[in-house]
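Some notes on the structure that comes next.
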Amino acid sequence: MVLSAADKNNVKTTWDKIGGHAAEYVAEGLTRMFTSFPTTKTYFHHIDVSPGSGDIKAHGKKVADALTTAVGHLDDLPTALSTLSDVHAHKLRVDPVNFKFLNHCLLVTLAAHLGADFTPSIHASLDKFFASVSTVLTSKYR
């Protein structure tokens, strides 16, 4: 999915607004995903997926850091996320549908926290961004 100049600006501006809350919001999104789509817990049998757990917070930080890297490399996501793509394809073997679940839960979480700043334009741009990241992370599955 191609991000337009407006999408890139929306993503960068929104990520700047999120600032130091990225790990917290992503952890909340993960909790939403595990609650709404319990089959996603399959890939996390080795950690405590209960709401607010240290494991959820730690994984939220990992995902937030990866997304922050992606925001900084919007023009070359495949290179920026290459190692992470290898891990998801060859080691973790996460079913690609789970990325869609997480994307949805992240959008819901961001909408709740950003309020009026979560405009239809921001929503669309973030949706495209998360879909682009997911596409890169699943690109090496073949």
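Count begins at 1; order follows the chain as displayed.
For all residues, glycine too, the Cβ spot is worked out from N, Cα and C.
Given the structure is predicted, the values throughout are model-derived calculations rather than measurements.
Among the features that Swiss-Prot reports, O2 binding site is placed at His59. In the three-state DSSP classification, His59 (O2 binding site) falls within a helix.
Its Cβ taken as reference, His88 (heme b binding site) is surrounded by 23 other Cβ atoms within 10 Å in the chains shown. According to Swiss-Prot, the feature heme b binding site maps to His88.
According to Swiss-Prot, the feature domain 'Globin' maps to 2-142.
What Swiss-Prot lists as phosphoserine is Ser4 (among others). Secondary structure at Ser4 (phosphoserine), as computed by DSSP, is coil. The number of other Cβ atoms within 10 Å of the Cβ belonging to Ser4 (phosphoserine), over all protein chains shown, comes to 10.
Under the heading N6-acetyllysine, Swiss-Prot lists Lys17, citing similarity to another entry as support. Counting every protein chain shown, the Cβ of Lys17 (N6-acetyllysine) has 14 other Cβ atoms within 10 Å. Following the DSSP three-state reduction, the secondary structure of Lys17 (N6-acetyllysine) is helix.
The feature phosphotyrosine is assigned by Swiss-Prot to Tyr25, with similarity to another entry given as support. A helical conformation is recorded for Tyr25 (phosphotyrosine) in the three-state DSSP classification. Residue density at Tyr25 (phosphotyrosine): 19 other Cβ atoms are found within 10 A of its Cβ, drawing on all protein chains shown.
Positions annotated as phosphoserine by Swiss-Prot, on the basis of similarity to another entry: Ser36 (among others). Under DSSP, Ser36 (phosphoserine) is assigned to a helix (H, G or I) in the three-state scheme. If you take the C-beta of Ser36 (phosphoserine) and look for same-chain residues 6 or more apart in sequence within under 8 angstroms, you find Phe101, Cys105.
Taking a C-beta cut-off of under 8 Å and a sequence gap of six or more, Ser50 (phosphoserine) has these contacts in its own chain: Ile56. The feature phosphoserine is assigned by Swiss-Prot to Ser50 (among others), with similarity to another entry given as support.
A helical conformation is recorded for Thr109 (phosphothreonine) in the three-state DSSP classification. Every protein chain shown contributes to the tally, and the Cβ of Thr109 (phosphothreonine) ends up with 20 other Cβ atoms within 10 Å. If you look up Swiss-Prot, you'll see Thr109 (among others) marked as phosphothreonine.
Residues or ranges marked as phosphoserine in Swiss-Prot (evidence: similarity to another entry): Ser125 (among others). According to DSSP, Ser125 (phosphoserine) sits within a helical segment.
Sequence annotations record features per position, and here Swiss-Prot assigns phosphoserine to Ser132 (among others). DSSP assigns Ser132 (phosphoserine) to a helix in the three-state reduction.
Per Swiss-Prot, phosphothreonine is recorded for Thr135 (among others). For Thr135 (phosphothreonine), other Cβ atoms within 10 Å of its Cβ number 16.
DSSP assigns Thr138 (phosphothreonine) to coil, not to a helix or a strand. For Thr138 (among others), the entry in Swiss-Prot reads phosphothreonine, with the evidence type similarity to another entry.
Ser139 (phosphoserine): 15 other CB atoms within 10 A of its CB, across all protein chains. Residues or ranges marked as phosphoserine in Swiss-Prot: Ser139 (among others).
Lys17 (N6-acetyllysine) and His88 (heme b binding site) are 29 Å apart (CA-CA, integer value). Taking Cβ-Cβ distances under 8 Å and a sequence separation of 6 or more, the neighbours of His59 (O2 binding site) in its chain are Ala27, Leu30, Phe44, Ile47.
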